[in-house]
Amino acid sequence: MEGGALALPHFRSRVGVGSPILLSADPGAARRSSGASGRSRVSRVNPGAYPRSAGRGRTWKRDSPEAPPRRSGITRVPNRSPEMPTERAGRTKVSNVNLEVSHHRAVAAVRLLRIEKGKAFVDLLNEKGNSSGENEMSYVERTLGFSIRCLDNRDIRLVTVIVAGTVRWKRYLDYLIMSLCSEVKVFREMEPLLLQILRIGFFEILKLNVPAYAAVDENVRLAKVALRPGAGNLVNAILRKLLLLKEANSLPLPKIEGDDRAQARALSIIYSHPVWMVRRWIRFLGKEEALKLMKWNNSDPHFSIRVNTANGYTRADLIDRLESLQVHYEKSTMDEFVRIQEGMQNYLSLFHVQTVLQAGLLKEGMCAVQDESAGKFPCLSDSGTSHLSLVVSVVDPQPGETIIDCCAAPGGKTLFMAARLSGQGKIWALDINKGRLRILMEAAKLHNLDAMISDIHADLRLYAKETTATFDKVLLDAPCSGLGVLSKRADLRWNRQFEDLEELMCLQDELLDSASMLVKPGGILVYSTCSIDPEENKHRITAFVQRHPDFVLQSVHGYVPAEFVTDEGFYSSSPTKHSIDGAFAARLVRSVL
Ligand SMILES: C[S@@+](CC[C@H](N)C(=O)[O-])C[C@H]1O[C@@H](n2cnc3c(N)ncnc32)[C@H](O)[C@@H]1O
């Protein structure tokens with residue numbers, strides 16, 4: 001439908017588009033409430049009580065005559081186990097302390113501890129002063145038994161860089177730590193907090209090239225203050241061993257030899273991925289591509305920012321703001337996007353998308369964080385037609401159309417599609433997760449697109465059975481393994497099990513069947529994922545077309561540049577080939593009969 005007036009959805013039975021099937025429980029609520037309750041009263045740090053420079057620059061041996069005097073001003077809550085910081089510890093009053101530890105490392109160590117227990121995300125502390133950040137700080141203080149000064153923006157970015165990198169490289173770091181312990185038992189029985197401190201030290205030395213004295217001294221000090229002097233001595237001994245091995249270029253790494261399984265196991269350590277992923281990728285992609293993919297997953301992610309043209313901003317406006325914030329950026333080939341590389345270029349220079357968040361550019365509605373694989377790709381085709389594009393372009397929203405986004409939250413694609421409608425047409429954003437839908441609608445308001453979007457809180461499978469509505473276009477951006485976005489989601493590789501794939505594929509089939517019921521005769525169904533796994537992608541479509549002979553696959557040729565079109569006519573972006581997130585989309589047409 002090109003440029004026509006708003007076409008109302010066609011109704012099939014009693015329940016209409018605007019009638020959400022309300023769910024009794026918010027599926028996000030349990031996870032959100034699993035954080036620390038933050039009830040303890042934590043006193044402020046007394047920054048003057050111990051000079052921050054004292055003892056800097058070297059690590060002393062216990063009882064050495066040169067060692068600085070023990071810091072009598074440091075008060076620790078006795079007998080606190082870092083594993084019991086919630087309810088009981090929550091009521092403990094933490095003493096007034098003065099401390100000499102590096103605050104961002106202390107916070108990073110506790111965040112890592114929580115991530116390991118499944119109670120935190122890598123990027124939890126994403127904005128200074130927000131409530132999740134405040135909860136986190138009170139958790140840190142209760143866990144460590146001392147206060148932490150308010151982290152500044154740079155500290156917050158350092159926490160994220162250290163946490164994301166340490167999580168990503170966990171298997172590799174643990175292999176080295178274990179190899180450098182006097183016995184395997186020492187590693188196996190290591191206290192969780194001590195292990196996190198060692199991981200941070202190893203990551204800083206091996207991957208961030210933090211000066212040796214800082215990495216050793218600061219982590220030793222943290223172990224001594226947060227645990228006990230003996231823990232600091234162990235950290236000192238192991239980190240110094242590591243420095244010697246690094247200098248001699250003789251880190252103990254496994255040899256890639258033996259049968260497929262043994263080789264995959266060695267690669268899984270060297271590239272820090274689960275063995276099942278390594279084996280699967282070698283099978284589907286071949287060894288060379290699999291290695292490239294793992295290197296990509298371990299690299300600092302690029303974040304793309306899309307300027308919000310619906311609010312009247314141009315890319316030049318966005319670039320002006322980024323320059324004033326001294327954020328390094330790269331112009332994307334897609335004219336609404338700029339790219340920011342996350343991470344540390346060197347020890348002193350941090351690039352981070354959080355600078356953009358903290359400056360409020362998203363809140364102002366100036367831009368959105370969105371990967372180009374989800375976006376639109378304006379360039380000229382051979383025939384001179386403009387606007388070939390990616391996932392949203394596979395949908396190809398046209399003014400006046402009715403579109404339902406079946407798994408819409410948090411709304412990246414919904415907003416982008418709405419912006420494409422030029423004020424004519426309507427998008428229904430459906431999702432099972434109420435909290436994420438709320439975020440979507442807030443973003444729609446911010447982007448001045450709320451008049452074009454209505455939300456539906458429902459399980460798609462129930463909604464499709466009960467509604468009468470059908471739409472010109474139906475987008476199913478299905479829940480998936482996320483195997484195409486591992487560089488951005490540092491912890492995802494460890495949270496996904498092989499068995500999850502089986503479960504996800506069943507859900508994807510069910511959701512596809514439901515979404516297909518919402519397509520008007522002659523309408524379009526687009527199925528997309530941010531996975532690179534063929535079983536979640538083309539295999540799902542092949543099975544779907546067999547179950548639904550009234551749907552025919554239409555090539556995405558003409559909607560996206562040729563380099564993204566597979567032989568079968570699917571859209572497929574690959575991190576290693578195209579340097580953007582891995583994503584997939586198929587376009588299906590429903591017959592008119
Ligand atoms: C890949 S995310 C969607 C991302 C979104 N399209 C975007 O661009 O921001 C998948 C979404 O599917 C939703 N979901 C999962 N199962 C669902 C179901 N049975 N019905 C509706 N939504 C569901 C999840 O809550 C999640 O928000």
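Using the three backbone atoms N, Cα and C, a Cβ is placed for every residue, glycine included.
As annotated by TrEMBL, region 'Disordered' applies to 17-92.
If you look up TrEMBL, you'll see 28-45 marked as compositional bias 'Low complexity'.
The compositional bias 'Basic and acidic residues' feature in TrEMBL is assigned to 60-69.
As annotated by TrEMBL, domain 'SAM-dependent MTase RsmB/NOP-type' applies to 313-591.
Taken from TrEMBL, the feature S-adenosyl-L-methionine binding site applies to CYS407, ALA408, ALA409, PRO410, GLY411, GLY412, LYS413, ASP431, ASP459, ASP477. Other Cβ atoms within 10 Å of the Cβ of LYS413 (S-adenosyl-L-methionine binding site), summed over all protein chains shown, number 24.
Look at TrEMBL and you will find CYS530 tagged as active site, nucleophile.
In the predicted model, residues of the domain 'SAM-dependent MTase RsmB/NOP-type' (313-591) average a pLDDT of 86. Within the same chain, residues at least six positions away from GLY411 (S-adenosyl-L-methionine binding site) with a Cβ under 8 Å of its Cβ are ALA429, ARG436, ILE439, LEU440, MET441, ALA443, ALA444. The number of other CB atoms found within 10 A of the CB of ALA409 (S-adenosyl-L-methionine binding site), across every protein chain shown, is 25.
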